[in-house]
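Trainee: Among the features that TrEMBL reports, domain 'Cytochrome b5 heme-binding' is placed at 3-79. Positions annotated as region 'Disordered' by TrEMBL: 78-105. Taken from TrEMBL, the feature compositional bias 'Basic and acidic residues' applies to 78-93. The transmembrane segment annotation in TrEMBL covers 110-128.
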Amino acid sequence: MSEKTYTRQEVSKHCSLDSLWIIYNDDVFDVTNFVVEHPGGEEVLKGNGGKDATQEFDDVGHSASAIAKMQSLRIGRIEGAKPREERKKEIKKTTTTSAPKQQESGGLGLLKIPIIIIVLAVVAYFFMGEQ
């Protein structure tokens, strides 16, 4: 059974909250009914609507449950994309030959720096206010 395929041009027409599709790893997802549930808010989805959101999705570092949920929204594949089985084999090859990933730190990332600065400023304000 062949799956439904869409051109990138077809997907690009679905960029409003009434009909919102995204592309991830050459799969097409209809996220229209998921907008309200999306933890990152509707603007994130709408900003990527009708486009390939692979890089943005991967940059956020979604959980396994988010990826599982996403599969239920899959409606097809981009026309001309490699079949999913071939893609899985390709991904497996590159991940087994690549260098080990660095262990990621806590979820705050670059937010730690401004938080530390704010805490130090508050401490300094109260310390200077006592004198």
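The backbone N, Cα and C atoms fix where each Cβ goes, glycine too.
All TrEMBL annotations are machine predictions without curation.
Can you tell me where each of these features sits in this structure?
Mentor: For the domain 'Cytochrome b5 heme-binding' (3-79), the model's average pLDDT works out to 91.
Long-range contacts of the transmembrane segment (110-128) within its own chain (CB-CB distance under 8 A, at least 6 residues past either end) are absent; none are counted.
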Trainee: Write out how many residues of the domain 'Cytochrome b5 heme-binding' (3-79) are helix, how many strand and how many coil, based on DSSP.
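Mentor: Breakdown, helix to coil: 30 helix, 20 strand, 27 coil.
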